[in-house]
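Sequence annotations record features per position, and here Swiss-Prot assigns [4Fe-4S] cluster binding site to Cys26, Cys30, Cys33. As annotated by Swiss-Prot, S-adenosyl-L-methionine binding site applies to Gly32, Cys33, Tyr34, Gly74, with the evidence given as similarity to another entry.
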Amino acid sequence: MNYHQYYPVDIVNGPGTRCTLFVSGCVHECPGCYNKSTWRVNSGQPFTKAMEDQIINDLNDTRIKRQGISLSGGDPLHPQNVPDILKLVQRIRAECPGKDIWVWTGYKLDELNAAQMQVVDLINVLVDGKFVQDLKDPSLIWRGSSNQVVHHLR
């Protein structure tokens, strides 16, 4: 898996202070997407064990209390990303108790395959659905267009 950007302290992409990871790779290619540079799976830089360790360390850093992590992109549930995202989410669950995990995907919840559902079964919130420019609404919280749904899973 590749990623484009990692923010160790973020107050924009989810509730509270959190970490945010923007991964590479998206098959949806939504017109009007604000993150077109993340569409190609080989763009950005490789997601390494060192980066994974950094995220775990940041989530557990007591100097800056973080509520959790936001995983966006690109699409964290892109088939090529799922193995690494699953491993990361499993580590967060095991090593960062009490941290919430939010995932944004262009897929709809009812379209997800078994591998993608392994990730979803471990997260707190899934924001699903493609961005639809004609349904864009800047007043919406945590989503860009009114067709997208915020699923509070746990």
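Placement of Cβ uses the backbone N, Cα and C atoms for every residue, glycine included.
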Rounded to the nearest Å - Cα separation of Gly32 (S-adenosyl-L-methionine binding site) and Cys26 ([4Fe-4S] cluster binding site): 14
Those binding-site residues listed as Cys26, Cys30, Cys33, and which of them has the most Cβ atoms within 10 Å of its own Cβ: Cys26
Candidate with the highest Cβ count within 10 Å, taken from the binding-site residues Gly32, Gly74: Gly74
Chain-mates of Cys26, Cys30, Cys33 with C-beta within 8 Å of site centroid, [4Fe-4S] cluster: His28, Glu29, Asn35, Lys36, Trp39, Asp75, Gly106, Lys130, Phe131
Under 8 Å by Cβ from Tyr34 (S-adenosyl-L-methionine binding site), same chain, sequence gap 6 or more: Gly144
Non-site residues, in chain order, whose CB comes within 8 A of the mean position of the CB atoms of Gly32, Cys33, Tyr34, Gly74 at S-adenosyl-L-methionine: Cys26, Cys30, Asn35, Lys36, Thr38, Phe131
